[in-house]
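Peer 1: Dumping what Swiss-Prot says about this protein:
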BINDING   ASP176, GLU177, VAL178, GLY179, LEU180, GLY181, LYS182, THR183  ATP binding site
DOMAIN    163-332  domain 'Helicase ATP-binding'
DOMAIN    491-678  domain 'Helicase C-terminal'
MOTIF     278-281  motif 'DEAH box'
Amino acid sequence: MPFSLGQRWISDTESELGLGTVVGMEGRMVTVLFSATGENRLFSRSEAPLTRVIFNPGDKVESHDEWSLTVTEVEEKDNLIIYHGIHSETGEQASLRETLLNHNIRFNKPQDRLFAGQIDRMDRFGVRYQCQLLRNKLATSDLLGLQGPRVGLIPHQQWIAHEVGQRFAPRVLLADEVGLGKTIEAGLIIHQQLLTGRAERILVIVPDTLRHQWLVEMLRRFNLRFSVFDEDRCVEAYADNDNPFYTEQLVICSLELLRKKKRLEQALDADWDLMVVDEAHHLEWSEDAPSRAYKVVEALSEVVPGVLLLTATPDQLGHQSHFARLRLLDPDRFYDYPSFLKEEESYKDVATAADALACGESLSSEAIASLTQLLSEKDISDSINLIQDASANADKRNQAREELLQELLDRHGTGRVLYRNSRASVKGFPTRNLHIHPQPMPEQYVTASRVSAMMNKHLDTNAKVRQVLSPEKIYQDFDSGSASWWKFDPRVDWLIDFLKTNRSKKVLIIASQAETALSLEEALRTREGIQATVFHEGMSIIERDKAGAYFAQETGGAQALICSEIGSEGRNFQFASHLVLFDLPLNPDLLEQRIGRLDRIGQKNDVEIHLPYLAGTAQERLMQWYHQGLNAFECTCPSGHILFGEFSGELLETLTTDDESSLETLLDNTKSRYQELKVAMEQGRDKLLEINSHGGERANKLVESLAARDEDTQLIGSVIRLWDIIGVEQEDSGENAIVLHPSEHMMFPTYPGLPEDGITVTFDRDMALSRDDIALITQEHPIVQTGLDLITSSETGTTSVAVLKNKALPAGTVFLELIYMADASAPKSSQLYRYLPPTPIRILLDKSGNNLSDNVTYESFDRQLSAVNRHIASKLVTASQAILHPLFAKGETFAANELKLLTETAREKMTQQLTGELERLKALKAVNPNIRDEELTHLSEQMSELNRYLDSSQLQLDAIRLVLVSHA
C-alpha cells in the first residue's frame, strides 16, 4: 500500500477509532495516530487492515475546526488529497487538506462505509435484510401480542384477548368460571396492550398471597418483568424518586399496601395506563357503606384509563356485588342498582332470542316476532327466510344466524364490558374420577389425639378442626417434631404401593403443610427409593422451576411431585393425570384449586383423584360432605363458596364430634341446597353472553391462524441464522430444545435478555407448555426482538460486495442492490405501524439504471452469488465508483415512487378501517349505551394524527450490495 505522511485512513476492524492519520513510516511498518482515542497503532505496510479515506464530489466533509465543506472537486498533490468546494458558513469557495479533516468522522451511511472500504461479509447483508422483513411482518400482524406468550391456544382465551386487547383503554370484567384461565386472559391482554403501544405503565393489584404467583406467571408465560412493591420496596425507591411507583413501569402490589393513605395518593399520581384487579369479588360494596378496599379501587379506576377486573362468576356472589363491579368500570352508565335490575329484565328478551338462534333449529313464530321487534331498525326478513329455508346452503344459513347474533350482542347491555365463560359452554375438559382408599386409624394417632383433646379443651372449634384433620401433626408435636410418623401411617404404605404399581405414571401429591410434603419425600426415598421431588412455599422461584422440570422430564424424571397447599398455587401440571390428595383442605375453593392443577383445558386424559383417608375420622366426614353434599370431587362446584358460608358452622361441629345423625342431616341439607343453587344458576345462564365470551367459530379460526404461525419453518431458519451471525452458542439438548449461551466471539459485547449461564429454548409450543424451564421462541419473544434490534440498529450488513458467476452475462457487468427503509416517525401508541410499519424497499439496478427487482427476486439472486474477501471487495468498489454514483441517484428515485405508493395504500387502509369502525360504534351507541364517548373521540383524533404522521414519511438507505459478474 502506498502510504504518505498526513494521509487519512480508517481501521477495517475497529471503525470506532475514527479517522486515523499516518504519522510515521519506517521500513516495512507504518504508524497511524487515531486522535479520537489518542491511540497509536503500528501496522505492516503490506498487510495493514486499513482503508484509505477519499471523499467524492457531492459529499459533505467536516474540518477539525467544525466547519463543513460540500465537495465539488478532489485534487491529489504529493500523495495527499485536497478537497475544494463550498464553505458551510460563508457560502464561498474554500479548500480543505485531508490532514485537517475532523478525526471524529464516522462512516454511518451505507454509501460512505462502502467507499471507505468498510465492507461486511455477504451473509450479514442477507441477515440484515431478513431482520428488516421480520420486523415488518411482526408489525403488520393482526395477531400481534397473541403468539408470543407461552400459553395453550385455547379458543375462548385467545378470543377474549383479541377482542379486548385491541381496544383503546379497555374497561372490562373477566368473570370466567374457575379453571378457565382468567389470569391467562388478563396476561394476554396486558401483553397485547404493551406490544401495540396502547399501554406502557401497568398496575396489578392482587391479594397478598397471590403476588408471587402473578410475578411468576407474568414472567414465565408472558416474558413480562413485573416488580413486586411492598412497604420496604417503596421506602427503598425514595432514593430514585419521590413517588416510588414511578421507578418501575410494570408493578404488582397488594390491596393492603394501597390501604395506606400515602401509598394510595402516590399510586393515584403515577399515570398508569392500565390497572388489573384480581379477586375483585372480594371488594365489598353497599350503597351506604362501601368497604375501604372498594374505595381504593374506585379511586384508582377514576384516574386510570384502562381497567380489568378479574372476578368470580356473577352467579356466585349475587347481583348487587356484580353491579358494584360494573359500577367501577363505568359509574355514569351503572349509576343506580334498581335501574340496573330493571334494565336486566329487558336483557332476558334478547337472551331468549339468542337461544333460539344459537340452537341451530328452525325459528318458532314467537322467536321470529321477538327478533323482528328487537332489531326493528333493520329489515331482517331476508336473513329470517334464509334461516328457515331447510334446503338452503348450510354455510349461508349459519352465516345469517351469526350476523343476527352479532346484532343482538351489540344491543346486549353488558356485552362489551362483561366476559363470562362456563364449563357448560366451553369444551375440552376431562372427566374427573374419584377413588377413595379408607385406611385404619393407627393406635399411635388414637393415643395422641386423646391426649391432645384433654390438654386442649380451651381451643376454639376452628383450631380443633385443624388438629383432627391432621393427626400426624398432633403426633409429631408431642415428640418435639422429631417423630417419624410416616413409618406407621397406613396412608404412606398405600401411597408407596400405589406408586410401585403405577411406575410409568406421573403422580401429583398435595398436602396442606410443607412439613408433610418434606416428610413424604423422605418416606418415599428412604423406604423404597422412589424418585420424587418437593414443591413448597419455602423454595425460591428457580428451585421450584427445577423441581417442576424434574417432574416433567419423560425419561429420568421424578415419578411424583409432592406439593404443599401454598407452594402449588398457580402451577399447572396437565401432563400428569393422577392426583393424590394426602389430606383435605377445609375450603371448597382450595379443594377445587388442588384438582385444578390437573383439571384444566389441555388435559389429555381423565383426571384420576385418589383419596387415602383414615376411616371413622374427621377426614372421612369431610370427604363425605364434599362428595355427597357438593359433588366437589367429580364436578366443579361454583356454589361451593356460598354453601361453605351457609353450612360452615354445622360442618365444623360435625367434624369435631362423632354424631352420625347430625352428619346425615348436614349432608341432606347441603345436597338439597346445592340442587337449588344449581338450578338457579342454570336458569340464570345468559347464552348470548356465553356466545360472545367464547367466540364460537370465529375463535376457532383465530386459533387455527395462530397454530399455522407456530409451524412457520421459515421463521425458525431465520432466527437460528440470526443467532449464528451474532455468535450465540447453540447446543442441541434433544427433545426439540436448544441451549443458548453467550460466547466470547459474539459480534456485540452484550446480548440483553440472554443470561450469562444460558437459556434453554424451543420452537415447539407443546414442549414449552410441559416444561417451565424452557422458553417458547416466537417472533415476539424478547430474545428474538433484541437480536433483530442489535442487527438493524448497528452497521452490521449495511455494505456487501459479491460476485455473480454467470457466463451468459459479460464479465465485469455491474449490479447494485439497494435496500431502503420506508418509515414515519411516530409514537408507538399512535398505532401507525398497523398501516405503515418500517418497510424494506428492495431496488436492483443494472449499470444502465434499470430496476430489475420485480423480475429478479431476492432469493433467486442471492442463491447465485459468491462472497469475496474484503481486500478484493474494496478494489472492486474503487474500480466501480464512476458507475455507482449516478446509480444511487436513480435508486432513490425508484424508492421514492415506492414510498409514495406505500403511503397512499396506508392512508386508504387507515381511513377505511377507522371510518368503518367509527360509523359502526356511532350506530351502536344509539342502541347500546355501553359504547363510551372516549372511544369515539379517540378514533376521530387518531385519524387526524395518523394523517399527519403519514405526511412525514421518509426514506433511508439501509444497505447496499455491489455485485459484479465474473467468469473465473
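Positions of Cβ are set from backbone N, Cα and C atoms, glycine also.
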Peer 1: For the recorded ATP site formed by ASP176, GLU177, VAL178, GLY179, LEU180, GLY181, LYS182, THR183, name the remaining residues of the chain with Cβ within 8 Å of the site's Cβ center, in chain order.
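Peer 2: Going along the sequence, the neighbours appear as GLU185, ASN421.
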Peer 1: Count the residues of the motif 'DEAH box' (278-281) that DSSP assigns to helix (H, G, I), to strand (E, B) and to coil, and report the three numbers in that order.
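Peer 2: Across the motif 'DEAH box' (278-281), the residues distribute as 2 helix, 0 strand, 2 coil.
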Peer 1: Pick the one among the binding-site residues ASP176, GLU177 whose Cβ has the fewest other Cβ atoms within 10 Å in this structure.
Peer 2: GLU177
Peer 1: When a 10 Å sphere is centred on the Cβ of THR183 (ATP binding site), how many other Cβ atoms does it contain?
Peer 2: 19
Peer 1: How many neighbouring Cβ atoms, not counting its own, are there within 10 Å of the Cβ of VAL178 (ATP binding site)?
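Peer 2: There are 20 such Cβ atoms around VAL178 (ATP binding site).
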Peer 1: Would you please pick out, from the binding-site residues GLY179, GLY181, the one with the fewest other Cβ atoms within 10 Å of its Cβ?
Peer 2: GLY179
Peer 1: To what whole number does the mean pLDDT across the motif 'DEAH box' (278-281) round?
Peer 2: 88
Peer 1: Measuring CB to CB from LYS182 (ATP binding site), give everything in the same chain under 8 Å that is also at least six residues away in sequence.
Peer 2: LEU174, ALA175, ASP176, LEU310
Peer 1: Specify the secondary structure state of LYS182 (ATP binding site) as given by DSSP, simplified to three classes.
Peer 2: helix
Peer 1: Same chain only, sequence gap of 6 or more: which residues have a CB within under 8 Å of the CB of LEU180 (ATP binding site)?
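Peer 2: Same-chain residues close to LEU180 (ATP binding site) (Cβ under 8 Å, separated by 6 or more) are HIS156, GLN157, ASN421, SER422, ARG423, VAL426, ILE601.
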